[in-house]
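According to TrEMBL, the protein has these features:
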type: BINDING; residues: A:8-15, A:33-35, A:50-53, A:Glu61, A:Asp82; note: GTP binding site
type: ACT_SITE; residues: A:His49; note: active site, GMP-histidine intermediate
Amino acid sequence: MSLTFILGGARSGKSRHAEELIERLSPPWTYIATAQAYDDEMVERIALHRSRRPAPWQTLEAPHDLAAAIANLPSRQPVLVDCLTLWLTNRMLADADLAKEGDALLAALSAHDGEVFVVSNEVGLGIVPDNALARRFRDAQGRLNQKVAAEAQRVVFMVAGLTMPVKG
Amino acid sequence: MSLTFILGGARSGKSRHAEELIERLSPPWTYIATAQAYDDEMVERIALHRSRRPAPWQTLEAPHDLAAAIANLPSRQPVLVDCLTLWLTNRMLADADLAKEGDALLAALSAHDGEVFVVSNEVGLGIVPDNALARRFRDAQGRLNQKVAAEAQRVVFMVAGLTMPVKG
Amino acid sequence: MSLTFILGGARSGKSRHAEELIERLSPPWTYIATAQAYDDEMVERIALHRSRRPAPWQTLEAPHDLAAAIANLPSRQPVLVDCLTLWLTNRMLADADLAKEGDALLAALSAHDGEVFVVSNEVGLGIVPDNALARRFRDAQGRLNQKVAAEAQRVVFMVAGLTMPVKG
């Protein structure tokens, strides 16, 4: 595995940057979407993301079993996971053991022999949320981001569509 | 146009840094305030900001028609726009077409033949807001920040009153 | 005083990084905890933090009178203050004069003749909070962070457990 971790806020250009990075490699590329269309707003967001990815992109949806989707990738195929924040949301709402699933995800990422690009949100830089679920999510996201960043060869922090190097 | 974009969180020293940068240039300098005094808290904030700017500052208020204010600047006059976040808030509450107005703003900035310093907030690094309006604002702010950053010659990210270079 | 300021979001690895830095120095080290156990969630967090710090750590609790705790440290003893955000929360809830107390804290930090490591949260990078108390806290935290960063010899911004240099 060679892992690039693209971290940033909402609408900071994370997905676009990840797509630009992977498109420098030989196609085909796999796009693993973790979004689940709960409501119209989300349906619209997914459609917007999809419209940016014509062939030779191959799109998989893995709102829940992300580790299995990664484990089943063709050998050496470059993959973009977009994004950990939606996946973690889905797994928290499904009442999963987030620490354990984070470890399984890391193991699957490490086992893939192609280039991996992982997108995630930094969500801990605002005021402490009022409700306990949001606080729990924020903690889980921070811990997962730390795990992925520790394994990554390259980490960038996105601000206003631009990259700030963090590692590698 | 030569554009410097100063991005950061609340109370990160953005305005003060922008003022320090522009005061290195020959006066007079124009300060375009976008704040609108909705309540006492805001009135207090505006007064605080004003008290830091004696002559040779020339202050304009442009809570809504920011592009026109920029278009009407004297040739070569250095200008500080403080800030895009309050302007975008005013325009969203006025139900404006934010994408279109963002493009018009960028065009006005590009057409000015003096040094431009633009202050804006990064607002996307917390937990997803509960209400849809806040989510819509966060998206609009992120998109606008990306547009400005793409055109800027220099972008800095402020943390605790200090600058982190992002571009230029 | 030689001051290192470790700033970042929730679960960004601030405390762990600060502990790694201080443990490079000769023991013993003083850990000043500012947390106050309001509820079970907080009790759990404090226990988790404590479990990471065996002897030769000496732990002091200073949820309120942080300046006095620093003033009473043995000469030349390295100290970790974890963290300013909880201390500021405690002082705001106690209706203290936050600007004045911030200055007193800075004076105490400056007077200590050993290495000082201070941890704090950046909380201003999300959407404007709905309630006035949270907005006031966010402003006070930003101002305090600016004061500490201005005095510090080194400032780092933590993202996903990794450090981004800001100063020094």
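Positions of Cβ are set from backbone N, Cα and C atoms, glycine also.
Just so you know, TrEMBL annotations are computer predictions that nobody has curated.
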Problem - Cβ-Cβ neighbours of A:Ser51 (GTP binding site) (radius 10 Å) - result: 8
Problem - Spatial neighbours, same chain, of A:Gly8 (GTP binding site) - Cβ under 8 Å, 6+ residues apart - result: A:Lys14, A:Asn121, A:Glu122, A:Phe157, A:Met158, A:Val159
Problem - Assigned element (helix, strand, coil) containing A:Lys14 (GTP binding site), judged by DSSP - result: helix
Exercise for the section: Just name the winner among A:Arg11, A:Lys14 (the binding-site residues) by count of other CB atoms within 10 A of its CB. Expected result: A:Lys14
Problem - Three-state secondary structure, A:Thr34 (GTP binding site) (per DSSP) - result: coil
Practice task
Note down the number of other Cβ atoms within 10 Å of the Cβ of A:Thr34 (GTP binding site), including every protein chain shown.
Solution key: 23
Handout entry: Filtered binding-site residues - A:Arg11, A:Lys14, A:Thr34, A:Ser51, A:Glu61 - keeping only those with Cβ under 8 Å from chain B
Key = A:Arg11
Problem - All-chain count of other Cβ atoms within 10 Å of A:Glu61 (GTP binding site) - result: 14
